[in-house]
Amino acid sequence: MAKITSLIGSGIVAATNQVGPHVKHIPAVGNLQKQIVSDQIQVRWSSTETSLKNDISATDVRGYKGHDMLAPFTAGWHSTDLEPLVIQKSEGSYVYDVNGKKYLDALAGLWCTSLGGNEPRLVAAATKQLNELAFYHSFWNRSTKPSLDLAKELLDLFTANKMAKAFFTNSGSEANDTQVKLVWYYNNALGRPDKKKFIARTKSYHGSTLISASLSGLPALHQQFDLPAPFVLHTDCPHFWRFHQPGETEEEFSTRLANNLENLILKEGPETIAAFIAEPVMGAGGVIPPPATYFEKVQAILKKYDILFIADEVICGFGRLGTMFGCEKYNIKPDLVSVAKALSSGYMPIGAVLVSPEVSDVIYSQSNKLGTFSHGFTYSGHPVSCAVALETLKIYKERNIIEQVNRISPKFQEGLKAFSDSPIIGEIRGTGLLHGTEFTDNKSPNDPFPPEWGIGAYFGARCEKHGVLVRVAGDNIMMSPPYILSLEEIDELIIKYGKALKDTENRVEELKSQKKIKSS
């Protein structure tokens, strides 16, 4: 994912090997960096659209290279050597940069603008709430009507398992951070002070705060941050194509991973393991759907040892997979749930934690004993964010967004999977409106391209050149387009993906020829 290795066009590429993902980060040097810079100039400043040019200020003309922002998940040389892609306007499934160049936003921002970029009802909901009550908090039994209404709506909407309470955050990272505090609070209340460890999975992404980055199973989030925290353990990534043994079926693979999970629990001591956290489909780690019977077997083990299940629905929630939540698709019955992103279609920062009755009853009793539940944020349940989220959920229902996703997703998935025979593609995978492409040589998970070639970064830059924005993580490409994508826009996406793929195939041939000449 771009968060873990590089933004599109970056010269930082990640190696993927048989042992684990994204373990090596190599700065672009020499011809690769020159190629990337050249591509960026060509992409960013060769606009074919003129709709915004009259609005460009002197600052825009001068450009933003060397800007003042410490940019998230961005290498320092990007800011000094490259012009950033500065987005100024959005219309439906498209965004426009400051020069008026138009891009199909195949990532929906960061997996979040499910209703596209300019849904007037969401703008109106925000404006109405700003005019009525721009802010009030939710501390000390004070609250606002939008936050109370949204809590009820979320509890009614989540049907995979009964939930009793909703706690509001500003992001998915904060939601997963909160989960750890809730679980510790819960076990302390039950007189289990040693039951504090968390198990997450290699290649998972759960956020970038101190705790949520620790939960994440991506080394780039840990390097030089003194992470992960010692109470976090990581078990196998359930990526069948990459990690299955010869002759092993998906069910057998799931059984092996479940056994490994149980062995880890027994090694650490079941009395020390508090919770297991998982995304229904792993998102930023490469779009990895679970193998057959995986969650069934994992849940049986968690129940056996009285370990809570936290479902991270930050990416999968609110229709992305063709069900309202990923838990419904994979028959997951969690004790706690994290949501964000499509909760407001990305229009306002908001996340939430859903808490089962079994956990919330204990928290209720403990807070009475202590005199308060001492956790919260200034903007927990922000009335404007909640008003926008309420309108978002209303639109999902009125427009039957689940039916819409299921109507367009087959064409989206099948159209992209038609490129599976490409000699540089190892695997194309996905479900609903989530897609992942992994580049490898010889179509094998054991034959990655040399990381210094930057194949994923090159493909991302060519997509950008052709007018599509995707996410790059090493040699993995990810897409999660808006739910409002039309069938014609899917055709456009597939055509431009194919053009970028052909460019990248040619680039690989060129690099292989250069390598052959050097070695001869």
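Quick reminder: no glycine exception, Cβ is built from N, Cα and C everywhere.
Some features that Swiss-Prot has for this protein:
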type	residues	note
TRANSIT	1-44	transit peptide
BINDING	Gly172, Ser173, Asp312	pyridoxal 5'-phosphate binding site
BINDING	Tyr205, Lys341	substrate binding site
MOD_RES	Lys341	N6-(pyridoxal phosphate)lysine
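Here the features listed in Swiss-Prot are placed on the structure.
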{"residue": "Gly172", "record": "pyridoxal 5'-phosphate binding site", "Cβ neighbours (10 Å)": "29"}
{"residue": "Ser173", "record": "pyridoxal 5'-phosphate binding site", "Cβ neighbours (10 Å)": "24"}
{"residue": "Tyr205", "record": "substrate binding site", "Cβ neighbours (10 Å)": "29"}
{"residue": "Asp312", "record": "pyridoxal 5'-phosphate binding site", "Cβ neighbours (10 Å)": "31"}
{"residue": "Lys341", "record": "substrate binding site", "Cβ neighbours (10 Å)": "27"}
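Note: the CA-CA distance between Gly172 (pyridoxal 5'-phosphate binding site) and Lys341 (substrate binding site) rounds to 7 Å. Ser173 (pyridoxal 5'-phosphate binding site) sits 9 Å from Tyr205 (substrate binding site), taking the C-alpha atoms as the reference points.
Reported as a whole number, the C-alpha separation between Asp312 (pyridoxal 5'-phosphate binding site) and Tyr205 (substrate binding site) equals 9 Å.
DSSP classifies Asp312 (pyridoxal 5'-phosphate binding site) as strand under the three-state reduction. Shown in sequence order, Ser171, Glu174, Ala175, Asn176, Tyr205, His206, Gly207, Ser212, Val314, Ser338, Ala340, Gly351 are the same-chain residues outside Gly172, Ser173, Asp312 whose Cβ sits within 8 Å of the Cβ centre of the pyridoxal 5'-phosphate site.
Binding residues for pyridoxal 5'-phosphate (Gly172, Ser173, Asp312) extend across at most 10 Å, taking the greatest CA-CA distance.
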